[in-house]
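*Asks:* So TrEMBL has the following annotated:
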{"type": "DOMAIN", "residues": "61-147", "note": "domain 'FtsX extracellular'"}
{"type": "DOMAIN", "residues": "183-301", "note": "domain 'ABC3 transporter permease C-terminal'"}
{"type": "TRANSMEM", "residues": "21-45", "note": "transmembrane segment"}
{"type": "TRANSMEM", "residues": "182-205", "note": "transmembrane segment"}
{"type": "TRANSMEM", "residues": "226-251", "note": "transmembrane segment"}
{"type": "TRANSMEM", "residues": "271-299", "note": "transmembrane segment"}
Amino acid sequence: MYYMLSLFRVFTFAIQDVLRNFSLSVMTVFILVLMLLSVNSLLVVRVLTDHAKFSIEDKIDVTIYFDNEANSDEIEEVQSYVKSFPEVVSVKFFGREEVIEQFRQAHQDNPEILASLDELQENPLGATMVVKTRQPSDYQKIISSLQIPEYETIIEAKSFADTEQAIDKINTITTNVERFTLMLSALFTVIAFFIISNTVRVLIYTQRVEISIKKLVGATNWFVQGPYLVAAFLFSVASMVISYSLTLVALGYLDPYISVVFGEELILTNYFILHILLIAGVEFIAVLFLTVMSSLLAMRKHLNV
């Protein structure tokens, strides 16, 4: 019962201290919120980058165009050879009739091309094979493996949309943005450290008489220091709730524009809701560590108990 009463008094003193120095408390929470928002921005950049790279890689494939004279046995041999590579995920084959039908559909708004095609006595297009691999870097290996004399008369051409440059640009932009965001987070962390230390110092200074009286009547060190640690906890909770709420609101406005690019609904909002325990948990522990350490260092320097 005694410990419960002491704990209640510590919480009461902490809330009184926070309200008594309301402007300092607001400034402390504000800086912590900015720090957490910069960290959340870093997560948003990482999620968008991963989706962008996945979207590009998903559209990469190599198309193999077979010669008109290639027979079914020769084509099946090439198919079996390509499928034997562990890097290959899927192989889709399109016969000559499917290829010309796809060609007609692709150029249905161009009557001149269709008229020229109708004038020909036979189908000028050969069969094609579309190959997908696990990684974009694997495509060059597939193309090189098909450049052998046995396949020169079977394969007419090979096309590969090299998107490595696009992926490299995305990585470069992401690295620069992440670097800037990390610097911003570090800056807010340093500012938060000094503001929290200053807040505790001011609290100690304004309550120096009360602290002396508490010590005279036999208050323990924990009872004197407790309110400052509880205040640090309250700052952490408030900043965590505010920053995560602001993040979800901002993502609600961003997601409609993001969905136009990636074709998925609520990418960012779903990510932050799905990983709320992990993200909020890690961020809360980090902020609590920062606020408690700042408070302890300030108390060690300014609080004589």
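Cβ coordinates are placed from backbone N, Cα and C, and glycine is handled just like the others.
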*Asks:* If you count every Cβ pair below 8 Å, which range out of 21-45, 182-205, 271-299 shares the most with the transmembrane segment (226-251)?
*Replies:* 271-299
*Asks:* Can you work out the mean pLDDT of the predicted model over the domain 'ABC3 transporter permease C-terminal' (183-301)?
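*Replies:* Result for the domain 'ABC3 transporter permease C-terminal' (183-301): average pLDDT 82.
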*Asks:* With helix taken as DSSP H, G or I, strand as E or B and everything else coil, how many residues of the domain 'FtsX extracellular' (61-147) land in each class?
*Replies:* 42 helix, 18 strand, 27 coil
*Asks:* Across the domain 'ABC3 transporter permease C-terminal' (183-301), what are the DSSP residue counts per state (helix, strand, coil)?
*Replies:* 109 helix, 0 strand, 10 coil
